[in-house]
């Protein structure tokens, strides 16, 4: 069997980006020390080396140096800034536990954080503009043809046009199907001919790159086309029609010399899982310290307002569907962990007066910070449902259990999109699960950060939590 291993493309431009980022981090720290009148010492150099190392690890995990350039400018900037934010949080934790925080003045550190963040973002944008200008002038521009006039091919063309940094210039579509069998009708002016015509153009040197978007069932046509293109010098790509499946954070893997594409997979793989864990620990620890007076006040109010314990715990499904215990401030007179669990409803007689306020403001969920620190939960993720609810809805909603490919969260994408609290209809639960799946598909540390910020704004506005 031939070697089928799929190689991840690398670009020498990535090395230049890494060097620029390292130079920005180091020079801005020196500048901050000088601007605030603080002496530059050996510890400054040590701090620079640690910061560069941490940022390199974080940005690598965030795909900041990915070889393909098909991302939008805003997406690129968001990755850089979120990587720097996570780096700062990790450096704070490192400085705290290594007891080196007293060696740097607060004004110097704060100015460095903002100056370096701005400089990293600016350098990335300038780098991107320079690449786009070079591509516009003809540097590294490739003439692209698409074999397959269908929705997948049209989407590929739109993506290439929306991202000029890809360096792809559209030539046209080629397809053997008759016009009445085209799946898209509004691109006839870009149709240039049959697949035989495509091969002729490739042999004539009029095309640099061919993207094959034919459906997977057209194996014989794809094989024939690739055999013909092998007698040319064009670069050929297959864009698999994986949209016939409901993919959950799909990625390429190589098992020995065999490539495999995941259909259902967790986004937290390898270094990504460590970074999310570090992010959770940093925020949860700092948050717990900051809000400890509020938690003490809540505990006192719960205790004096009704008989019973301050906290209660409930069985929920966690990562990989394993049962965990989730902690909350008690907001009801009785709690049911049995096989039948009724969701809290409006004017539920079980909810105490203090419990109503806690639930409305989500203060009852603050003890889940202990779950985050302990490791059974994350700050952001699909909200954990009662075990009985899981067993009920997994029979009604396709792909329900896929939400457990990540740890449950204190808040999540579904909650900030309006699906917080009671889901009294199957349609509402379906919408919540759809948002949970979208979170897993699109996960990034930047997305986690945005959800946390949005949670602060929506928690007091929603009226469906009770």
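If you go along the chain as it appears here, the first residue is 1 and each next one adds 1.
Even glycines carry a Cβ here, placed using N, Cα and C.
Source: prediction; values computed, not measured.
The transmembrane segment annotation in TrEMBL covers 44-65 (among others). Sequence-distant contacts of the transmembrane segment (44-65), counting only residues of its own chain at least 6 positions beyond either end whose CB sits under 8 Å from a CB of the stretch, comprise 14, 17-18, 21-22, 25-26, 29-30, 33, 79-80, 82-84, 86-87, 90-91, 94, 100, 104, 270-272, 275, 444-446.
Among the features that TrEMBL reports, transmembrane segment is placed at 77-97 (among others).
Remote same-chain residues near the transmembrane segment (103-127) are listed as 16-17, 20-21, 24-25, 27-29, 31-33, 35-36, 38, 43, 47, 73, 76-77, 80-81, 84-85, 88, 95 (criterion: CB distance under 8 Å, separation of at least six residues from the stretch ends). What TrEMBL lists as transmembrane segment is 103-127 (among others).
Averaged across the domain 'Bacterial sugar transferase' (276-461), the predicted model reaches a pLDDT of 84. Per TrEMBL, the feature domain 'Bacterial sugar transferase' maps to 276-461.
Marked as transmembrane segment by TrEMBL: 283-302 (among others). Long-range neighbours of the transmembrane segment (283-302) within the same chain, counting only residues 6 or more positions beyond its ends whose Cβ lies under 8 Å from a Cβ of the stretch, are 89, 92-93, 310, 329-331, 352, 354-355, 358, 363-364, 366-367, 369-370, 372-373, 379, 452.
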